[in-house]
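Quick notes on the structure that follows.
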């Protein structure tokens, strides 16, 4: 981290301390009391065993059960703990603008945390390989034609950490550090007097009042307090447990021992003051320009306090035991924007044109955009890729992108702007009901086309409209190959494709007719962008033997939420 980033981050911390000083409490006595309780009641042979499990190359459900059992014992022995609390934030102490900011920032934070804790794309090996092994694996995969694969980022010690468990939700809230537990472990496992440990961590906390203690500071303090030599200077990896001796854990413990220091670690949140605390946090956000960072990894001070306060809302968010809490911050905090409609009087679907007035986002949210980017990593930039659209180049209503080599496809819809022209196209081409498009996700066309790999080559049956669409979205770098099949040839396998893959699309509900050269009309099969791609591929191969199609986008991305109420 650069010095400017460190200074800015600490500026945020200092500003938050000043603004939230009225919510700080004296926790020194209770932290020491809880540490004594842990020293007398905790089985430190099991603590040592848990520390061993955290060093294993593979951790499974049995390891998680042992960790959760020990965490429950710790929870039963301490008094500083946070309680399960569902928070509903409404207009009051917080204005409607405040609520919108909180909703947006929690949404961004959710996306960041999810990106930090999961691989960038499906199918990535998440075992405990060293970075050297992962680099060799990448070379080998490229050798066998799987060059699109990506490797997850490594942890601070060169090991990719992973829990191989059936229910990942059981991992939530099981890894935070607690000052009382840090004190107890340093005392027992370092064979030091509790009073010496308290003095050492208090001095570390005093340094923290002026700066973030670093390894150089730790080394100097170790000359006076040898127990600090147990502190591990390596950066903590994700999901490694609260029983480690990290510098962050020691600094947090030191801060909790400073009565009167206005340390964020001593803040106590209750259902009565949570709105006021968040109001103060937003005041600091505006004054010093705090924000939720796009970069996955450690949380900055604003992200940290926002997450911790919204996780429980009842207790000491930084230092209390929270292993009994289920869910994440966005699960336990609801932002009520006051835009709910009575579901009993539910009318026809709301058009995207009026969705903004009903409280809907005009485009993709931050978390949706992050999900879209992650999902589109499944697209192989070098593979043969079909593209087809329904509607006009300047007003498309259905777009499909399909890769026959792996079966991956992107398929979504768009509400038209020219309803009169749409009805003509529906009658003679696609047969889509405009009301079925009112719940489609606005902004998805631009987002998908923007995130297609650079200089990609797309194959199509008819190039003019697709070229215009791509150019309108600034994607002149994408090249097009027009197969230019005769109409009858292109639709050679139409009935077989519809028989086999009709379940992939249910939007083409209308009757479509075709004008005959000698007059009159004939009913024909509607044109579906996705199924057209499948039949074009079947025609070029003269075979129906194709890879099972697999959607890249989730349904939640293709269709917007049915209610404007934001649940975080």
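Each Cβ is built from the backbone N, Cα and C atoms, and glycine gets one as well.
Taken from Swiss-Prot, the feature region 'Binding site for the cap structure m7GTP' applies to 54-240, supported by sequence analysis. Annotation comment: Swiss-Prot describes 388, 390, 532 as Mn(2+) binding site. Annotated Zn(2+) binding site per Swiss-Prot: 398, 505, 508, 528, in sequence order. What Swiss-Prot records for 465 is site 'Important for exonuclease activity'.
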Average model confidence [pLDDT] within the region 'Binding site for the cap structure m7GTP' (54-240): 81
Cβ packing number for residue 505 (Zn(2+) binding site), 10 Å threshold: 18
Distance, residue 388 (Mn(2+) binding site) to residue 465 (site 'Important for exonuclease activity') (CA atoms, angstrom): 9
398, 505, 508 screened against residue 388 (Mn(2+) binding site), Cα within 10 Å - retained binding-site residues: 398
Pairwise Cα distance for residue 532 (Mn(2+) binding site)/residue 398 (Zn(2+) binding site) [Å, integer]: 12
Other CB atoms, at most 10 A from the CB of residue 388 (Mn(2+) binding site): 27
Between residue 398 (Zn(2+) binding site) and residue 390 (Mn(2+) binding site): CA-CA distance (Å): 5
Check: same-chain CB within 8 A of Zn(2+) site center, minus 398, 505, 508, 528: 390, 430, 432, 507, 526, 527, 529, 530, 531
